[in-house]
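> First the structure, then my questions, so here it is.
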Amino acid sequence: MNILPKKKWHVRTKENMARVRRDEAAAAAAEESRLERVKLAEQERRVELLKAKQDQFKSVKSEGATEYSEGLSSTFSDRAALKGEATASTSRLTSSSASGQDGLASSSNIGQGQASKHLNFFEELEQQERSNMASVNKEYQAEKKAEQHAWESKMGIMKKFAEDTNEITGTKHWWESIERIKPEEEQPKKKTKEHKVEKKEKKKKKKRKRRYSSSSDEDSAEAKKKRLQAMREERIRREEAEKQREAKFVKR
């Protein structure tokens, strides 16, 4: 970096350092403006989403209110009709006995109670759903839990201590599954004539090998002796030739 520090293309000149600082500041400002735009867009998206949810909630609420008002008006009209019928029946039966009047009053009370009761068209389905929620299928839950556990252990999410060992899985190594034969259980060999003949042949082969090996050793020893003798003779001949050459040089 200390070579030719006054050149324009040098990195450590004041102009180049100022240019780098300006470029870094411009890049930081551009990044900051980009992040601000992203934040504003995210805020606008969230506001629109909340507005849509609020409008949906209002529409559902208004529909429920209209249904409730219609139900109330129908119940009130039913009550008025029943009351009118009851008053008409009481005016007609004013001359009846006290027992008849009591029975009429009880019937009018029952009619009013039925009219004031809330109409639920899905009462049977709701009761069935409650009974299903109360009595959970234990076998299905156990199967589902086992499947979830197997998937988690396979994916490596949840592993138990020593989960894949043979003690937990119940599997065996290949050498453990091999049938072992004890030496006591081996059948003893019967000494037959064929067995004796085989033994004799083996002994003969061993003797032949020994003889061949001894003869080969003797041959190799003789060959070594001959080779050494030839090398000695060659060395003596060379020494004599060298001595003769030296004698010729001395005479000259």
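Quick reminder: no glycine exception, Cβ is built from N, Cα and C everywhere.
The region 'Disordered' annotation in TrEMBL covers 1-21, 52-150, 162-252. Under the heading domain 'CBF1-interacting co-repressor CIR N-terminal', TrEMBL lists 8-44. If you look up TrEMBL, you'll see 12-21, 52-61, 140-150, 173-200, 230-252 marked as compositional bias 'Basic and acidic residues'. Per TrEMBL, compositional bias 'Low complexity' is recorded for 86-99.
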> Write out how many residues of the compositional bias 'Basic and acidic residues' (12-21) are helix, how many strand and how many coil, based on DSSP.
8 helix, 0 strand, 2 coil
> Just to be sure I understand, if DSSP states are collapsed into helix, strand and coil, how many residues of the compositional bias 'Basic and acidic residues' (230-252) fall in each?
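The compositional bias 'Basic and acidic residues' (230-252) comes out at 22 helix, 0 strand, 1 coil.
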